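Q: Here it is: the structure, laid out below.
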Amino acid sequence: MIPASMEEAHQLESRSDDLSQRRSYWRWRKQDFFPEFSFQSFSTYKSALSATCPRLADRLLSRSSDAYELDAARRESENPMRRCLTWWDLLWLSFGSVVGSGVFVITGQEARVGAGPAVVLSYAISGVSALLSVLCYAEFGVEIPVAGGSFSYLRVELGDFIAFIAAGNILLEAMVGAAGLGRSWSSYLASLVKNDSDYFRIKVDSFAKGFDLLDPVAVAVLLVANGIAMTGTKRTSWLNLITSMVTVCIIVFIVVVGFTHSKTSNLVPFFPYGAKGVVQSAAVVYWSYTGFDMVANMAEETEKPSRDIPIGLVGSMSMITVVYCLMALALTMMVKYTEIDANAAYSVAFAQIGMKWAKYLVGICALKGMTTSLLVGSLGQARYTTQIARSHMIPPWFALVHPKTGTPIYATLLVTILSSIISFFTSLEVLSSVFSFATLFIFMLVAVALLVRRYYVKDVTPEAGLLKFLGFLFLIIASSIGVSALWNSGVKGWIAYTVTGVIWFIGTLGLALLPKYRVPKVWGVPLVPWLPSFSIAMNLFLIGSLGYVAFLRFIICTMVMLLYYLFVGLHATYDVAHQPLEEAKFEGER
């Protein structure tokens, strides 16, 4: 059930008002951080640790429910978030989050050494892949319109453990990404002012290389962006809308000028690096499409989720794909791909046609793009943290929503402090080595979760049906990994790819022939299981294109998070799931 009606929202608000009258928002008692029975004393904690194995088995097999996420979990915040966003707000929040400085840097690099003029096809391929993930997010956002986004979706369909590991990694990468944006913002501003990207940084020779350039400007930018996010969601949305309009005007200028000074001869040869170059560039430019998942976290603050979320997310991603393709085409038609400056493609291209002043427009657009990405990222990261805190995987104190602003101030402060510390000390070179493995991993898991949601309902799906579903799902995942491994190991010839492709087709066709045990109430992904299955394949293929450093970092971070989960998160969530309160039970009616 979806409590999206005004009456249900009123009921939640009334209960929250009664509770907030008895408690002050500004509090920090031990009970606010660790209210669970396992943490009441050393003896209870020792007893909990001794029961780690059976508790882990319980949480591995336990899933949350729609009802719990929509009602009981939200009450952990004591005050409701305000439903103040429309599809128009979501569309531009997504635009502001996704369209940053990356397109100005990556397009030139990939056109020069990756795909040539065919980089426009790379953007189209990545756009389609991102759109498939958007469709999955949109269906879940309509069905479970809460602040946690993918964390809640995975918790409902795949369970506590997988949701925590995935959420922990993506939250870490989101904070690292915010720190990187802060450092990039500082570099861009310094380049415009003094033509020296390190102009605002403080050199400390006694610190290790990569951590010896302190960046107070990056910290200031993060503090301002997160401070605005704390004052109110609607206010942040309006500011994002205004700045996004500036970006649109500059992009229109770039595209129009590019086409008016274009030469079709610059598009020949169109495939200088072959089909492989197009696909490899698609994996690189895909990062220009990330960020929409932060907007999915705003579902709880959307006025009409069933209408606004599909229009906002799907509409924005479609628009962004067209914008990126036009920008790539304009650049490659304006300048021969062999003459494109990989480091400052658009600025140098305009200089070649006598418009040196246009580099300032590009710089302003990049700065603005990073600013809106920080603003929307601040909103999304805080709400992700809020939902994790509602589950008690981290202290529930971070789930509290301020009664006046309707925003999770404590959660925002947490991500602000952590990302500011990272940005102050860590260089862009170090941050750029942290690839967005978890982002693709979660996109893949959300597609898997959508298939689970359609084909498996507890106590309804027969055991034979479940086994068939798991078998076909295994074929889809295994064949997708196989294609990625073949491609990235440089295997040539069509036989191996044909075999893996046929296996993927058989797995997907098998799912298509199985009966579905749940249908979307209002809006759903079309062509299930084909589109989610293709999304799984695309995301696994892109994961395979990452270097071994990304895999190693993911494994290390996961191991650290696993330690935290075994010593803290596991026992907190176990206590909440088994406390004698109806609203805290996980095994709701499915």
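Heads up, the Cβ atoms here are built off N, Cα and C, so glycines get one too.
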Q: Topology question: in Swiss-Prot, are ALA464 and TYR517 both on one face of the membrane?
A: yes
Q: Over the topological domain 'Vacuolar' (107-114), what is the model's mean pLDDT?
A: 89
Q: Against the transmembrane segment (267-287), which of these stretches has the most C-beta pairs under 8 Å: 466-486, 523-543, 554-574?
A: 523-543
Q: Short question: most Cβ pairs under 8 Å with the transmembrane segment (210-230), which of 86-106, 115-135, 408-428, 554-574?
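A: Checked against 86-106, 115-135, 408-428, 554-574; highest Cβ contact count belongs to 408-428.
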Q: State the count of C-beta atoms found within 10 angstroms of the C-beta of ASN195 (N-linked glycosylation site), not counting that atom itself.
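A: Neighbour count, Cβ to Cβ under the 10 Å cut-off: 8.
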Q: Quick test of the contact rule: Cβ under 8 Å, at least six residues beyond the ends. What residues does that give for the topological domain 'Vacuolar' (260-266)?
A: 117, 330, 332-337, 353
